[in-house]
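Colleague: Supplied in structure tokens, the structure appears directly below.
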Amino acid sequence: MLIACRALLVLLLSATVSLLGGLIFGYELGIISGALLQLQIDFHLSCFKQEVLVSSLLIGALLASLVGGILIDRHGRRRAILVSNLVLLVGSLILTLVRSFIGLVIGRVTVGFAISVSSMACCIYVSEMVAAHQRGLLVSLYEAGITVGILLSYALNYIFADVDEGWRYMFGLAIAPTAMQFLSILFLPVNPVKLSSWESDCQKGLIQLQDTEDRAAAKREPYKEKHYSFLDLFRTRDNMRRRTLVGLGLVLFQQFTGQPNVLGYASKIFHSVGFQSNSSAILASVGLGAIKVVATLVAMAFADKAGRRVLLMAGCVVMAISVTTIGLTSRIAPLAMARDCKAAGVPSAPHSLTQHPLMPVSSQPVVSPIPPALGARKSQAGPGFAATRSQAKEETVRSTGPPFGGTPWTEHIVLNWITLLSMMAFVSAFSIGFGPMTWLVLSEIYPAGIRGRAFAFCNSFNWAANLLISLSFLDLIDAIGFSWMFLLYGLMGVMAVIFIYLFVPETKGQSLEEIDQQFSRKRRGRGASCTHAQYQRVEHADSK
């Protein structure tokens, strides 16, 4: 009875740590959208400074990806989470008390570093802590937390939009969930508790990657943790090169299928189907976020039943169809992709990234980074900014005109609704597939001795690819056009399906040790969905 209670307590605390980790991640990504509206007035930010401030979190996260893996592997997952919580508290305090632009940048870099380390450590720690049949649910809970965090940040953006220096409250409120996560993980053990065993009944329905004799031998064979150097990721030892290929392929296809950019123009599509007022536009944005939450819950429910490969492939297929549809409809009813950044008090300032921010993925925003309603409610930074707020209101009214150049939007109402439905399908498909499953698979396929560094290595490519795509998106649209850009995303989605089918293994229901041993025997390299008879033929050929 005592053991059962202890296992339940560990399960609940692990779920809390995973959920809070994702919530903090999503909150910090989303809160800048509303804070920037006030900061550009309070600090007289030019468009370049706004770009620097938005991208500073990304830079901190990228730095963490380069060094965080060493911290996670050498000092442990639990300690890495605790350290990231302390660093995040420091960063939040800096942002709350800061009086200069340099201080804002330092604070955002600090926060970016902390949430990146926390994201990696949380996924790995939880995957090692829980039983095989619960791993998909608990790790996917992190993605659900990200979605909830983004929605929470938008709600607080709206609440504090008219509060003097409301951005201080926005940044400071991140302290609460950070402190809760810090306290929760203090009650969890330093080393993972083995709540599962080789003899699990969760193997039912699993694609057999070894024959019966090999699987029985793997269960009898004691698992010994090995030590690896970073360069082993690129060597054939224990099939590490294949694992690295799987990890990098997932994170790169996650970005190259268009998720950093599709949602950045959600408000354009909302206006095109008739959500012209600010209140209706923000309600539509919240509705899109609710769809994302529901889709993430579906992924949580089926991750340990349908399996990772099935959800990844199904999600990619729907994403490819969705962006292809958007590309085709936009050729008939083109959307006006304007660069919407306006420097405070300078109506003729060059365009920048306020409409299209640099946000990562696994944390992808659920709506356009600055919701239309928030854009209309320019912050009340002080009594001297009444004229600026009045000017912003006039610009907002003018911006709600027809989104199509020279063509009334009502002429394409059917195509516009098809575009909107396609975007909703894209959001749902990403939240079921690439969103949670990428990080779940990454937390499973590497040996414990190098799991932190391997996860961080792949994560660094994720952040770098996001930065590259975000910076080049508008330029590519200028060069090849919006519709061709989305048709290219559709092609990348088809390539992602082929990659997943050929290289990504099914890991549901297996312990981390069994996954590692099967990889080490190079069974995965023959194809992830081979049948039992096919494996027998492969093994017979290998024996010769």
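In case you wondered, yes, glycine gets a Cβ from its N, Cα and C as well.
Note that TrEMBL annotation is computational and uncurated.
Grabbed the feature section from TrEMBL, which reads as follows:
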TRANSMEM  7-32  transmembrane segment
DOMAIN    14-508  domain 'Major facilitator superfamily (MFS) profile'
TRANSMEM  52-72  transmembrane segment
TRANSMEM  79-98  transmembrane segment
TRANSMEM  104-126  transmembrane segment
TRANSMEM  138-161  transmembrane segment
TRANSMEM  167-188  transmembrane segment
TRANSMEM  244-262  transmembrane segment
TRANSMEM  282-303  transmembrane segment
TRANSMEM  310-329  transmembrane segment
TRANSMEM  417-442  transmembrane segment
TRANSMEM  454-474  transmembrane segment
TRANSMEM  480-504  transmembrane segment
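What's the neighbourhood like for these features in this structure?
Modeller: When Cβ-Cβ distances below 8 Å are used as the criterion, the transmembrane segment (7-32) is approached by residues 53-54, 57, 81, 88, 108, 111-112, 115, 118-119, 122-123, 125-126, 129-130, 134, 138-139, 141-154, 156-157, 170-171, 174, 177-178, 180-181, 184-185, 187-189, 193, 195, 357, 359-360, 362-363, 365, 369 of the same chain, each at least six residues removed from its ends.
Residues 28-29, 32, 36, 39, 45, 80, 83, 101, 104-105, 108-117, 120-121, 124, 353-354, 357-360, 451-457, 459-460, 462-464, 466-467 of the same chain lie 6 or more positions beyond the ends of the transmembrane segment (52-72) yet place their CB under 8 Å from a CB of it.
Cβ atoms under 8 Å from those of the transmembrane segment (244-262) belong to residues 233-234, 312, 316, 319-320, 323, 326, 356, 359-362, 364, 423, 426, 430, 434, 438, 441-442, 445-446, 454-455, 457-459, 461-462, 465-466, 469-470, 473, 486, 489, 492-493, 495-496, 499-500, 503-505 of the same chain, restricted to positions at least 6 beyond its ends.
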Colleague: Counting only residues 6+ away from its ends, which parts of the chain sit with a Cβ under 8 Å from the transmembrane segment (104-126)?
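Modeller: Distant Cβ neighbours of the transmembrane segment (104-126) are 14, 17-18, 21-22, 24-25, 28, 32, 39, 43, 52-53, 56-65, 68-69, 71-72, 77-78, 80-81, 83-85, 87-88, 90-92, 94-95, 98, 135, 138-139, 141-142, 171, 174, 192, 362, 439-440, 442-443, 451-452, 455-456, 459, 463.
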Colleague: Over the domain 'Major facilitator superfamily (MFS) profile' (14-508), work out the mean pLDDT and round it to an integer.
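Modeller: The predicted confidence over the domain 'Major facilitator superfamily (MFS) profile' (14-508), as a mean pLDDT, is 75.
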